[in-house]
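Student: First the structure, then my questions, so here it is.
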Amino acid sequence: PKRGGMARVTYIRTYVFSCILGIINNNGYTLVNAVAADLAFRFDKVNFMSMFTLVLLLGCFLMTMLHSRVAFRFTFKQRIFVTLSFQTISYGLLALAAILTNPDIGFALSLIGTILTGFAQAIGEVNNISRLHKLPATLIGAWGAGTGLAGIIGPLVYSLLIAAGAHYSYVMLGMIITVPIYWFLFAYVDKRADIHSVEDDMQTTVSSSTNNSVSSSLSFSSIKVAMLMAGGIIANLTAVYFLEYWILTGFLDRASVGLPSDVSSFARSTVRFCNITYNVGVLISRSSVTWFQIRRVWIPTILQATLLVFWALEASIHFIRYNVSPNTMTGLYMAIMLVVGLMAGASYSNCMYLFQRREDIPDTHREFFFFFSACNDHVYMHTAGANNGKRS
């Protein structure tokens, strides 16, 4: 039996490998967010804790822009080699920073490592999605599931290791073991992409040079084409990212800050538990594209905008918090953040699916659309963060 023109066993293996690639690719990204508070506390830079997230997003944005200009000159394996080099150096710098006694040098090395993690995440994401373009479109759900799991697995594993007494530097160095695993899994997916044609049930060999030659680079003309052909998809994807990050970085913590000192540990950990349910929602919705697709991608955007209004009101007047017990408040917040995650993941996976399957988008521009959308996403994430910084 076949699925999407692939033998079932091959499809399942590719699905699992793509999911693991998503986990590893985004794990560094989520891990840096998880260690940010600890590193800031260690270096007595608590007031600069938000800088970790800022430079992480900045690194993603800058590398996505550069990548969209020069990537077409290199093979996919060469691009992933650069990705893994950045990530390895990043883990090494973070491990070194964790053992330094000079807080200024340690903090500086942490920021450099964070930027390199942003570089690695950006290059890895656009190239994995580009290779999945040559495979059955439902495999986008596997990658999406992996990136969603990374938001849960990374912080969880880190917390367990630290609780067990592992030093920060050992945790960072231990992450280097994922680098050869990533390379092996990507090499398999890359090979499957070379020998598979979505349009034909029969497998044919397609040279890597042919695959790379169809990519369009960043220019005013390519941006114009992108907006004419897929402006609606790009607008919805970036809008959902903007709304999502505005909620996460601007309103969620303000809604629960200043709770009485005698509340339960469950209520005191409201933001942490809300982030968990948010990532669960992302996991569910990103993987769901494997089984069903949403063509009207404006629906998650409208719903996410409604949720933003809710969180803005709750952060201002606390109409839930002041009318229920702290534990009930946390439970309700968690449920609502689950929906935020569902909308974010649904928009991401279904927009990527449409980029891949829309017949009116030529192959010469599909990869560029992934790049351009990623650039827009990071711009709007920065805008959301800047807006929230002004409100702080």
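Backbone N, Cα and C define each Cβ position, glycine as well.
This is the feature table in TrEMBL:
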type	residues	note
TRANSMEM	12-36	transmembrane segment
TRANSMEM	48-68	transmembrane segment
TRANSMEM	80-99	transmembrane segment
TRANSMEM	135-161	transmembrane segment
TRANSMEM	167-189	transmembrane segment
TRANSMEM	225-246	transmembrane segment
TRANSMEM	297-320	transmembrane segment
TRANSMEM	332-355	transmembrane segment
Student: Give the nonlocal contacts of the transmembrane segment (167-189) in its own chain as ranges (CB under 8 Å, at least six residues past its ends).
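Tutor: Distal contacts: 13-14, 17-18, 20-21, 24-25, 27-28, 31, 35, 38-39, 42, 77, 80-81, 84, 87-88, 91-92, 94-96, 98-99, 124, 128, 131-132, 135, 158, 161.
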Student: Which one of these stretches, 12-36, 135-161, 297-320, 332-355, has the most C-beta pairs shorter than 8 Å to the transmembrane segment (80-99)?
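Tutor: Looking at each of 12-36, 135-161, 297-320, 332-355 in turn, the most contacts to the transmembrane segment (80-99) are made by 12-36.
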